[in-house]
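In TrEMBL this protein carries:
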{"type": "DOMAIN", "residues": "1-456", "note": "domain 'Major facilitator superfamily (MFS) profile'"}
{"type": "TRANSMEM", "residues": "16-36", "note": "transmembrane segment"}
{"type": "TRANSMEM", "residues": "42-63", "note": "transmembrane segment"}
{"type": "TRANSMEM", "residues": "75-94", "note": "transmembrane segment"}
{"type": "TRANSMEM", "residues": "106-126", "note": "transmembrane segment"}
{"type": "TRANSMEM", "residues": "138-156", "note": "transmembrane segment"}
{"type": "TRANSMEM", "residues": "168-185", "note": "transmembrane segment"}
{"type": "TRANSMEM", "residues": "206-229", "note": "transmembrane segment"}
{"type": "TRANSMEM", "residues": "241-257", "note": "transmembrane segment"}
{"type": "TRANSMEM", "residues": "269-288", "note": "transmembrane segment"}
{"type": "TRANSMEM", "residues": "294-313", "note": "transmembrane segment"}
{"type": "TRANSMEM", "residues": "432-452", "note": "transmembrane segment"}
Amino acid sequence: MLLTAGSLGDRFGRRGALQIGLILFGLGSLGATFVATANGLIGIRAFMGIGGAAIMPATLSIITNVFPGHERGKAIGIWAGTAGIGGALGPLVGGMLLQHYSWQSVFYVNIPIVTIGLIAGVFLIPTSKDPSAPRLDPVGAVLSMTALFGLLWALIQAPTEGWTSRNTLGGLAIGSLLMLAFVMWELHSSHPMLDMKLFRNARFTAANTSITFVFFAMFGSMFLITQYLQFVIGYSPLQTGIRMVPFSLAMMVVAPNSTRIVHKFGTKITVATGMAVVTFGLILLSFLTAESSYFSIATRMMFLAAGMGLVMAPATESVMSSLPLAKAGVGSAVNDTTRQVGGALGVAVIGSVLASIYATKLGDFFQNATLANAFPGKIVPEQLKTFALGGIGTATNAAANLRADNPFPGSGVAADLLESASRAAYVDGMRVGMRVAAGVAVLGVLVAAKYLPARTSAADENRQADELAAEYERSGINKALAD
């Protein structure tokens, strides 16, 4: 929905797209509180996703159209830093609500936030749109939505079903064919939703590629770290959320200030350095053990967060500044789509690496005489093996049940050995996963260093300045708003 929503925002107005998205998200949150089944909740969450798809491109495209070039980088930095605040508060507030109230409370809390956003938007956000928008491209919209759905669904399923399963291969094949059809249609359409010629712009393509790589690394590594904190170190979900706060805060501090580094050293050096810091942080995380202290964990996470902050805002600003202002909605949607695809790829690929190594290492432990000897007949029960091989979470639960049920003398010892083995296997898998993420981050360093321009070209700045002046005149925005 992101590309379609961004295109509609360009055509009909970005403030309206934001408000419609907020309304849909708010209605979905309210509806979720009345749902009594898991399938119903999934459906409501999908409805909320439609609202979210309208919100995200609109926010960035509005910022791009309101702020002139010399202030846009700082504004986008604040926008990126705000995401850090949300990343810190979301798990923390959600965990606290779930601990003290019903699960519906995590949806109730969205309603006043949406209401404030709607009211503030009416008075504070100017409207803008593409003055010469082409007619709608329903074929392109359908192809983009179905292609991305197929690809993302397959990537999400791959870690659990396997990369060679029928569903995964089928989803990847269908999604790829539909994506090819989308590209061909857009290339030959007289009114494309997404002009493929944009990707000839090295700055636009390199910035989006950098964003894809950094979100691959971030989502993949966070997928590993959250389970590590809960099941290896032993924190509760709420305690884990609290201990993730420094990561979000570091990103929140660095992202808005990255514009100062860009002004001094340029976009190329800033983004490449940020990707290098991400790489360094991932390498440090790959040396964690089952006994690492929280201080050691948090310090390594801070490098990852700082690198993210150096990359996100400058790369996003490069994407938006390389486009005509009239196409800000679609440009923002492409930016958001690369984030989603990069994140899904990170979780899928790194999750698969983790699952493979975890199963292999734990299987080796099951053959170990010390563990096997703790069970009657010196054989680990097959059912217990199946539970444990399902993942670190199910292994921890299996050990806890074994300890609580105490079905044979020495059950506690067997449970301790099983828990220790599963933690060791997880740490081994996590280490390799972090190194895979670091390898992808290195690719981001190379892309940024080779293809990103050192600074915004004078031609781009002059073009967008002229377009912004025309937009102010058309929409009646007081230029003092941006000065």
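Every residue gets a Cβ built from N, Cα and C, even glycine.
TrEMBL: automatically predicted annotations, no manual curation.
In this chain, the transmembrane segment (294-313) lies in contact with the transmembrane segment (269-288); the count of Cβ pairs under 8 Å, excluding pairs fewer than 6 apart in sequence, is at least 3. The transmembrane segment (241-257) is not in contact with the transmembrane segment (42-63), judged by fewer than 3 CB-CB distances under 8 Å for residue pairs 6 or more apart in sequence. Sequence-distant contacts of the transmembrane segment (294-313), counting only residues of its own chain at least 6 positions beyond either end whose CB sits under 8 Å from a CB of the stretch, comprise 73, 76-77, 79-81, 83-84, 210-211, 214, 217-218, 221, 225, 229, 233, 243, 246-259, 261, 270-271, 273-282, 284-285, 288, 441, 444.
Within the chain, the transmembrane segment (42-63) has long-range Cβ neighbours (under 8 A, six or more residues past its boundaries) at 1-2, 4-6, 8-10, 14-15, 17-18, 20-29, 31-32, 35, 72, 75-76, 79, 125-126, 128, 316, 320, 328-333, 335-336.
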